[in-house]
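Shown next, in structure tokens, is the structure this report addresses.
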Amino acid sequence: MVGMRGAYGGGGGYSNGNESQPLGGAAGAAGPMTTETSTEIVGMEVHKVAPPPPRSTLSKMKARVKETFFPDDPFRGFKGQPLGTQWLMAVKYLFPILDWVPGYSFSLFKSDLIAGLTIASLAIPQGISYAKLASLPPIIGLYSSFVPPMVYAVLGSSRDLAVGPVSIASLVMGSMLRDAVSPSGEPLLFLQLAFTSTFFAGLVQASLGILRLGFIIDFLSKATLVGFMAGAAIIVSLQQLKALLGIVHFTTQMGIVPVMASVFHHTKEWSWQTILMGVCFLVFLLAARHVSLRWPKLFWVSACAPLASVIISTLLVFLFKAQNHGISIIGQLKCGLNRPSWDKLLFDSTYLGLTMKTGLITGILSLTEGIAVGRTFASLKDYQVDGNKEMMAIGLMNVVGSCTSCYVTTGAFSRSAVNHNAGCKTAMSNVVMALTVMVTLLFLMPLFVYTPNVVLGAIIIAAVIGLIDLPAVYQIWKMDKMDFLVCVCAFAGVIFISVQEGLAIAVGLSVFRVLMQITRPKMMIQGKIKGTDIYRDLYQYKEAQRVPGILILAIEAPINFANSNYLNERIKRWIEEENSMQNKQTELHFVILDLSARSSESNRRGHGENTASE
């Protein structure tokens with residue numbers, strides 16, 4: 001048996017015969033290896049590979065922990081600096097606002113002012129709409145668009161992220177809390193549970209950042225999120241049929257079957273006036289969205305359409321007294337800024353498990369959306385966003401928000417896209433938006449008395465339709481059928497069971513897929529591309545040809561205890577199949593394993609601890 005590495009990227013061999021030999025040491029050779037050198041044979045040449053310098057167990061563990069939890073090495077700039085400079089750098093690290101405020105100029109402010117006013121026109125109607133989606137008073141949605149953006153402007157590192165309530169977190173929080181408490185029957189208790197869930201969501205998010213555990217959110221794969229958001233978008237849209245049709249008695253369940261059953265069981269409650277108004281404004285909002293997608297320079301059309309819909313519909317209801325003709329309105333909203341709510345945080349053992357679970361799920365979902373949006377727009381402007389700092393910023397933002405009458409907030413994609421297209425330069429655009437919302441809370445709340453609920457439902461539908469990403473689904477189908485299955489299961493779980501169960505199914509399938517990739521790694525037969533020294537997969541490269549008498553197998557995963565038995569059995573079967581083939585021109589003499597996917601740490605272990613498992 002011969003281990004060949006230079007030509008094939010590293011590997012080991014099996015001798016030809018009826019009895020296969022177990023996979024040898026980390027270098028891949030079956031023969032004995034000394035502690036000083038390992039001999040590897042490539043063709044007729046002999047190469048000696050020097051062993052790596054010895055390291056203590058403590059230094060190995062230290063390096064491993066550093067690479068796992070601190071891959072970006074955030075404190076590398078502190079080395080060699082005076083103590084005073086280190087303190088200043090630490091303060092700037094915790095408060096990124098200190099980095100850009102000293103160089104802030106009036107020209108930057110003009111850009112941020114326009115962007116802030118633009119996203120405020122979107123944030124105000126969305127804040128009211130999403131609060132109703134979470135079964136919370138509309139004023140809570142506006143509160144959540146005032147304090148959290150101010151906190152994020154101080155702690156956040158993204159220039160483009162526009163902070164506020166989002167549809168997915170609102171939907172999940174509302175559906176989970178409604179299972180235990182009726183928002184209409186016990187409104188104060190429901191509000192307490194929402195604030196407490198937001199507190200736990202902030203704790204989870206900040207803890208992930210402080211403990212450098214952000215990699216946990218990577219278990220929400222692209223396929224999981226695409227399927228989940230598409231299903232959630234449909235459920236959210238169907239829930240708005242209550243407002244669009246004028247139904248009074250509507251189910252609180254989230255599945256598609258009970259929702260549609262409720263719609264057709266209450267046809268006597270349908271209001272043609274409500275339906276007419278809802279369809280007209282929904283068409284208007286979708287047309288505005290289409291215009292902005294078709295001509296990106298007209299982004300302001302889609303951004304201003306929700307506020308324009310609120311203003312026009314409110315005027316229509318006021319002028320024609322439509323509330324007396326079956327059109328439901330928001331009603332009186334009190335003026336004033338956020339009221340302290342730390343006394344409303346409820347840690348009673350009866351509801352502690354519910355609020356912790358709700359906080360965990362909504363916290364992870366909102367954090368995933370916020371980090372993804374921040375990184376997306378940072379890449380467009382070629383600057384870096386520190387994921388762990390963002391987690392701390394979003395987490396502390398929600399902890400503060402839970403004490404100031406706010407519910408879960410994060411960076412919303414729609415608002416951030418408007419913020420980016422409007423030409424924002426710094427996080428000051430969030431401050432401008434928050435101040436605009438503050439003026440609304442102080443002086444303009446009486447203007448929303450006649451705002452019809454049907455228009456808020458239309459705004460929600462127009463916003464969540466963008467979550468259905470059919471091109472992404474098609475791309476997932478083309479690239480990986482298992483990922484497509486995860487996507488479909490997430491979608492089906494959300495629309496047929498419930499939002500949280502659908503998410504749990506999708507995450508479970510994603511984790512199961514990761515385990516399958518570890519325990520059942522992909523193996524392939526490699527051949528030599530004619531006229532080169534390159535070896536590639538025979539099934540992917542038609543020009544690749546088998547080397548007579550040699551079977552080259554590539555293992556696309558590190559070898560460990562979880563897959564060693566599978567690999568051993570699979571290689572034995574490949575050898576048996578080769579030996580049993582009829583009409584062979586050349587007898588099989590060697591099996592070469594390409595182990596280039598193995599980690600360098602495993603390669604250093606030699607015949608020691610890994611011999612048995614490999």
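Keep in mind that glycine also has a Cβ here, set from the backbone N, Cα and C atoms.
Given the ranges 189-208, 549-568, the record in TrEMBL names 189-208 as transmembrane segment.
Segment contact is absent for the transmembrane segment (455-477) and the transmembrane segment (431-449), given fewer than three CB pairs below 8 angstroms at sequence separation of 6 or more. Counted over residue pairs separated by six or more positions, the transmembrane segment (484-512) shares fewer than 3 Cβ pairs under 8 angstroms with the transmembrane segment (299-320), which leaves the two as not touching.
Among the recorded stretches 189-208, 214-236, 270-287, 391-410, the one sharing the largest number of Cβ pairs closer than 8 Å with the transmembrane segment (243-264) is 270-287. Listed by sequence, the residues of this chain that lie at least six past the ends of the transmembrane segment (299-320) yet keep a Cβ under 8 A from its Cβ atoms are 118-119, 121-122, 124-126, 277, 281, 284-285, 288-289, 291-293, 327, 329, 417-418, 421-422, 447-448, 450-452, 454-456, 458-459, 462-463. Secondary structure of the domain 'STAS' (540-597) per DSSP (helix as H, G, I; strand as E, B; remaining residues coil): 17 helix, 13 strand, 28 coil. Using a Cβ-Cβ cut-off under 8 Å and counting only residues 6 or more beyond its ends in the same chain, the transmembrane segment (391-410) has close neighbours at 131, 134, 136, 140, 143-148, 151-152, 155-157, 163-166, 169-170, 173, 194-199, 201-210, 214, 338-342, 345, 362-363, 366-367, 369-371.
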